[in-house]
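Engineer: I'd like to ask some things about the structure below.
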């Protein structure tokens, strides 16, 4: 009962200080982790492995029910969850159980199947969320010109404020963000709408400084225009929604992988690493803005969760997959002491990253 009261107090404080959007954040994160664990659960059950515990949240159990040999729980802290398979214990890396319904007796390939199912469910969930988003539509900046920079390519050919860019080299432009994706240093054919009339221009962009997706200053082709602030509802319906979902899933996955590489190489400063507070802030703002934007952020976080869990770090799914690949290739298991050492090292790395990300979040809040 005390645990239940603690959970209620946490939620009340969250709603009081962050409004109802805080509750939306808790639900989003809990749902994504639930879906991740559901992947492991279904994969394990499909191979006859006993799932001893399926918990939504961590900590003391608030509500639990036994069904077909599995203990289903709702635990105190809703930001997380886990499944406990018979014969697998992350806190005791060397633990094994040789019963016929145990994870321990499975072949490496079957273990990889179970391990990969969690991240895969996150990626599939994101794909279907993008399909829903495409059909509902998402408000984005319209490709309408606001300010025009002096001596820019746009000024030189006579583009004007409130012109709407319709096409670049025959490619339809729906949002302002799409403009930069189709620029090059070669002459471009640009179709615009000005006061109801379509006009065509030949323009060669100039090199200028701008920011990439990671906040780095880079040189790239520019028109020299900014948006006028008008928004437009962009929809991708029917079969087009599947193409949109595939593109968004691929772009988000690529962005995450590039971000990890840049973080490791030092191209992106470690202070940019955000944690649960940043995630809560972003999700809460999305919930305030619109339901579709909340779905978009949910899809992005789901892909993050899927990709990050595949990193080859012990204690993550990717680390366990790596151990099993080693066993498949070399026909022997990772030595027990090495396995335990790497597992505890992985645990320390993850804990350090969580603490560092939280420190960054708090420093950013204090700085504001």
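Glycine residues also receive a Cβ, built from the backbone N, Cα and C atoms like all the rest.
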Engineer: Among the residue ranges 291-313, 314-336, I'd like the one that Swiss-Prot describes as transmembrane segment.
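Structural biologist: My reading of Swiss-Prot: the transmembrane segment range is 291-313.
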Engineer: Give the range, chosen from 246-268, 338-360, that Swiss-Prot lists as transmembrane segment.
Structural biologist: 338-360
Engineer: State the residue range annotated as transmembrane segment by Swiss-Prot; the candidates are 89-111, 112-134, 135-157, 158-180.
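Structural biologist: Feature transmembrane segment in Swiss-Prot: residues 112-134.
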Engineer: For the transmembrane segment (112-134), give me same-chain residues lying six or more residues beyond its boundaries with a C-beta closer than 8 angstroms to one of its C-beta atoms, as numbers and ranges.
Structural biologist: 32, 35-40, 42-44, 47, 49, 85, 103, 106, 235-237, 240-242, 244-246, 248-249, 252-253, 292, 295-296, 298-300, 302-303, 305-307, 309-310, 317-318, 320-321, 324-325
Engineer: Identify, among the recorded positions 36, 37, 40, the residue whose Cβ has the fewest other Cβ atoms within 10 Å in this structure.
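Structural biologist: Each of the recorded positions 36, 37, 40 was scored by Cβ atoms within 10 Å; lowest is 37.
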Engineer: DSSP on the domain 'PDZ' (126-197): how many residues come out helix, how many strand, how many coil?
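Structural biologist: Secondary-structure composition of the domain 'PDZ' (126-197): 21 helix, 24 strand, 27 coil.
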Engineer: Take every residue in the domain 'PDZ' (126-197), average their pLDDT values, and give the whole-number result.
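Structural biologist: Across the residues of the domain 'PDZ' (126-197) the model's pLDDT averages 92 on the 0 to 100 scale.
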